[in-house]
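Peer 1: Before I ask anything, here is the structure I am working with.
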Amino acid sequence: MKCRLIATGERAPAWVAQGFAEYQKRLSHWMPLELVEIEPGLRGKGRDAQRAIDDEGRRVLAALPKNAHVVALDVPGRPLSSEQLAQRMEHWRGQGRDLAFLIGGPEGHAADVVKSANESWSIGPLTLPHMLVRLIVAEQLYRAAAMLANHPYHRA
């Protein structure tokens, strides 16, 4: 099972890239994690925000792997504990499909992206910088994989 994290936004600052790379390396023992960065749509004075969201959505949909199980990170999504995420990962692994996790832009996902997702996941009600969400998702995927492998990383 391969996992692709598709994130809309600017290139990550060094500290995010380093943290993500660390969890990407750790996770590689159990599954490869690929980061695909989607350029954000143009915003600003005189620009149509909805057009930017729709443009981002088209690029996100084009980046989806064929037949992948798609999980959109979304505030109204289903909240999961680390243990529940591990259970979901075990279920997804049993399906034999690749995974794609989607992080939206500043205004969230385009409607077509949400509709294309098999499920949505909320990492909580806090408003977080999208760059930090990349790191949180990578860490939680590593934690879930470690739980499934009976690795001592998770000590709850």
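Positions of Cβ are set from backbone N, Cα and C atoms, glycine also.
Per Swiss-Prot, the feature S-adenosyl-L-methionine binding site maps to L73, G104, I123, G124, P125, L126, T127, L128; the stated evidence is sequence analysis.
Give me the structural setting of these features: burial, nearby parts and distances.
Peer 2: Long-range Cβ neighbours of G104 (S-adenosyl-L-methionine binding site) (same chain, at least 6 residues apart, Cβ-Cβ under 8 Å): T8, E56, V60, A72, L73, D74, A110, V113, H130.
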Peer 1: Please compare the binding-site residues L73, I123, L128 by how many other CB atoms fall within 10 Å of each one's CB, and tell me which has the fewest.
Peer 2: L128
Peer 1: For the S-adenosyl-L-methionine site as recorded (L73, G104, I123, G124, P125, L126, T127, L128), determine the largest distance between any two Cα atoms, in Å, rounded to the nearest integer.
Peer 2: 15
Peer 1: Ranking the binding-site residues G124, P125 by other Cβ atoms within 10 Å, which is at the bottom?
Peer 2: P125
